[in-house]
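Here's what TrEMBL has on this protein:
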TRANSMEM  34-59  transmembrane segment
TRANSMEM  80-113  transmembrane segment
TRANSMEM  152-176  transmembrane segment
TRANSMEM  220-241  transmembrane segment
TRANSMEM  253-274  transmembrane segment
TRANSMEM  281-302  transmembrane segment
TRANSMEM  308-330  transmembrane segment
TRANSMEM  342-368  transmembrane segment
């Protein structure tokens, strides 16, 4: 029984639930548009669920300020899982009954968006709190592992989903996703919530995103760089899809690019903790996204399958290091309500900038051409990455010590067996986000 109550057991449960839930999402991502298309015959409706899902996330600063603080324990996370599973069951149930419509898809997407707005940051915050119990700076280690497992799912999920569709299990994959979300909720159920931490001087008990950023310039700069990269993400996903078709090889460049990005991000996740441990947040995020911008430029000037895959791998590794540094700044300088607010704010920034980019991306690609858009996007990301940290330093608004001291990784394979608290010292159809 003591083992079941140990923070390491809680960490494994949360990571296992997160990994299986994300893998099921990747499988369903392949099946959902096919179910919608087969039920309605409308291509226009295939992205409606994903589009509607983003609305509650974008509006969350106005409605979720108090609600996100409610998700402070595994039991409450499990309650949200019931909501998510119900929302995920809407489309396959409607397909079974032959009543799929725009209204049904819109309602399912909005419900999913509410669950994602609260559940995603809530799970990350709870995982970080478990990391705090394991030892100083273990929070960033666990968040980095969560990101690694997500990216492994990104690599293998689409292929498994395609195999399931080929075997005739298209609608079944949607039911599998709903069931997996419930299982993830059950795995989270035993995890206790942390002791509520004070919001800090000048911060209300349920802080707004803006007030939570006060005194944390490293987090703000990280968000600016993540937002910029997410806004031009369309140049990679949409751009490679269009360019491959223009070259007479539809899907080839996109496949090489996404595979390279996924592989690079897995390698980057394994290297991120040691890299971030040795640097300062502003320096790490600036270097990481400058390198990512250079990779987009390389992709534009070398638009071959090998060139796209190589450049995407470099971008994937660089972006992961930058994300880890931003997460480290959050977990080192905030806890409790403020930490949950910052993790929620980060999700809003990424979703909003990705949505705007995807909305305008087609027009930009048509106006400039794919290769020019890739080069321009890369130059923009690199320029912002070089300028933003310098502006933050010049303002003199330094927050808490930005150096991120992360517990050394003991196991040779960076496994979870190094998480003993005793060794702790003083983490739509097209993929829309990095």
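Using N, Cα and C of the backbone, Cβ positions are placed for all residues, glycine too.
Per-stretch counts of Cβ pairs under 8 Å to the transmembrane segment (308-330) identify 253-274 as the leading one among 34-59, 80-113, 220-241, 253-274, 342-368. In this chain, the transmembrane segment (220-241) lies close to the transmembrane segment (253-274): three or more C-beta pairs between them fall below 8 angstroms, excluding pairs fewer than 6 positions apart. Of the two recorded stretches, the transmembrane segment (342-368) does not lie close to the transmembrane segment (80-113), with fewer than three CB pairs under 8 Å once pairs fewer than 6 apart in sequence are set aside. For the transmembrane segment (253-274), the partner stretch with the most Cβ pairs below 8 Å, chosen from 80-113, 152-176, 281-302, is 152-176. Counting only same-chain residues 6+ beyond the ends of the transmembrane segment (80-113), those with a CB under 8 A from a CB of the stretch are 28, 32, 35-36, 38-40, 45, 48-57, 71, 119, 122, 171, 174-175, 177-179, 181-182, 184-186, 188. Sequence-distant contacts of the transmembrane segment (152-176), counting only residues of its own chain at least 6 positions beyond either end whose CB sits under 8 Å from a CB of the stretch, comprise 19, 22-32, 34-35, 38, 88-89, 91-92, 95-96, 259, 262-263, 265-266, 431.
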